[in-house]
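**Student:** Got a structure for you, questions after.
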Amino acid sequence: MSDKRNRKRAPENDRPKVNPRRVAFDAINAVTADNAYANLVLPRMLAETDNSGRDAALATELTYGTLRSLGTLEAILAAASGREIRQLQQDLVDALCLGAYQLLYMRIPAHAAVATTVSLVKAAVSPRVSGLANAVLRKVAAKDLEQWTEELATGDRLHDLSLRYAHPQWISSEFESVLGPEELPAALAADNVAPPVHLCAKPGRITKGDLSRESRGGGHGQWSPYAVYMPSGDPGRLPAVATGLAHVQDEGSQLVALQLAEASLEGSDKRWIDLCAGPGGKTGLLGAVAAQRGAAIDAVEIQSHRAELVSKASRGLPVTVHTGDGRTFGKAGSADRVLVDAPCSGLGALRRRPEARWRKQRSDIDDLVPLQRELLVSGLRLARPGGIVAYVTCSPVIAETEAVVESVLKDGGAELVRPEWLLKRVPGAERGEFVQLWPHRHGTDAMFLALLRKTGNR
Ligand SMILES: C[S@@+](CC[C@H](N)C(=O)[O-])C[C@H]1O[C@@H](n2cnc3c(N)ncnc32)[C@H](O)[C@@H]1O
């Protein structure tokens, strides 16, 4: 076992300097062995080991890149070692994947990648298996990624693409069902590129220009009127973010929230409900828009710690946060606009969460669909006749997007509305009567939106 759990935090001045490969190994091992999330565990480890600048960038590339490519790396390591990868101890697999990633995906010379990984295995796994590590990595180094993926290709198109772009085959298949075969490689490739941080300049609180200057030249977003791209650095350190004038939010998430606010509506427009609000990105943006229009929002979140995040995200805005179940919340017919940003598989945000694709299973989606359906039904119950409901997921998968909407529409009392505002701004976002954004087309997460109008009593 690695000794990471025993490493105590040393006083500031005599903290041990830990090399970036060891930090990456510890982070990868925390993800594979302890189910940690890389984006939470790595920044903490970097801070604890005083790694910053180029060392931190190297540790981040090694950790994120290795985790993203795990399935492909394991397949190559299995072929190179001539054994099932599951037969090896987890720490050794992690170190071998880290070494293979450097050999196949980075421009690190083979002798350096092999030597540093063998040293790491000696120190962090066991000297007994360093010979095995050396032999396996030398075999991996004998071919480049192209040659390995050709060697492991089966001729099954989806299998071969999934291996090449490091996705589980079932995810490739789900994307293909929406996109078709031609665009699939681009969609898979886009998941392997870390996106810039997207900021949202809350309307009426700070301008895009001021936020862009504060974030040292972050460019204006392409689609959302409030988006600023932050090229590098910690957004939490920006005064505008620290004081709540701006927040971190994917541009696609901004667009779908704004589409709810921009949908045309006759009659009263004062009471909005955000039915699945945590952690509060959309509530923060919609709260700022509501403040400008004299409307108010009830934000509902079932998990209390996430409800606290919503309160923080909407400080100073006309938002009341409720910890509760969106399926039973509120009075029927009481809302003018309702957002149902349903819990979903998150397959539209794989580029942000390096390990996520290997953790999810198709059955997770089947488990979510009944809840998604109930939340949408509740959203329609809460809307007044003529009121607007936006059903949103951060996933393009048919079962949790259009299939949910179509099954709810069958019950009557609602009709689809064309999301005009968004479709005019964003070319290539039309998916039948719905919106579908994509990382490879729009540089946003793959957000889905259906806009519905309540036509009668439900
Ligand atoms: C996709 S996230 C929402 C993201 C959020 N709208 C934002 O933009 O930051 C879905 C949220 O719904 C919450 N949730 C799950 N089941 C719920 C329920 N029955 N009622 C209310 N919230 C629920 C989850 O805890 C999660 O925080």
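Glycine too: its Cβ is placed from the backbone N, Cα and C atoms.
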**Student:** Cys276, Ala277, Gly278, Pro279, Gly280, Gly281, Lys282, Glu301, Asp325 show up in TrEMBL as binding S-adenosyl-L-methionine; which entry in Asp336, Asp341, Asp364 does that record put in the same site?
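**Tutor:** Of the residues offered, the record points to Asp341.
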**Student:** Rounded to a whole number, how many Å is the Cα of Lys282 (S-adenosyl-L-methionine binding site) away from the Cα of Cys394 (active site, nucleophile)?
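**Tutor:** Just about 12 Å between their Cα atoms.
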**Student:** Far apart in sequence but close in space: which same-chain residues, 6 or more away, have a Cβ under 8 Å from Asp325 (S-adenosyl-L-methionine binding site)?
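**Tutor:** Counting only residues 6 or more apart in sequence, the Cβ neighbours of Asp325 (S-adenosyl-L-methionine binding site) under 8 Å are Val300, Ile302.
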**Student:** If you measure Gly278 (S-adenosyl-L-methionine binding site) to Cys394 (active site, nucleophile) at Cα, how many Å is it?
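**Tutor:** It is 14 Å, counting Cα to Cα.
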**Student:** Can you count the other CB atoms that lie within 10 A of the CB of Gly278 (S-adenosyl-L-methionine binding site)?
**Tutor:** 24
**Student:** Given Gly280 (S-adenosyl-L-methionine binding site) and Cys394 (active site, nucleophile), what distance in Å do their CA atoms have, once rounded to a whole number?
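**Tutor:** Gly280 (S-adenosyl-L-methionine binding site) and Cys394 (active site, nucleophile) have their Cα atoms 14 Å apart.
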**Student:** Reported as an integer number of Å, what is the Cα distance between Cys394 (active site, nucleophile) and Cys276 (S-adenosyl-L-methionine binding site)?
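**Tutor:** One finds 13 Å between the Cα atoms of these residues.
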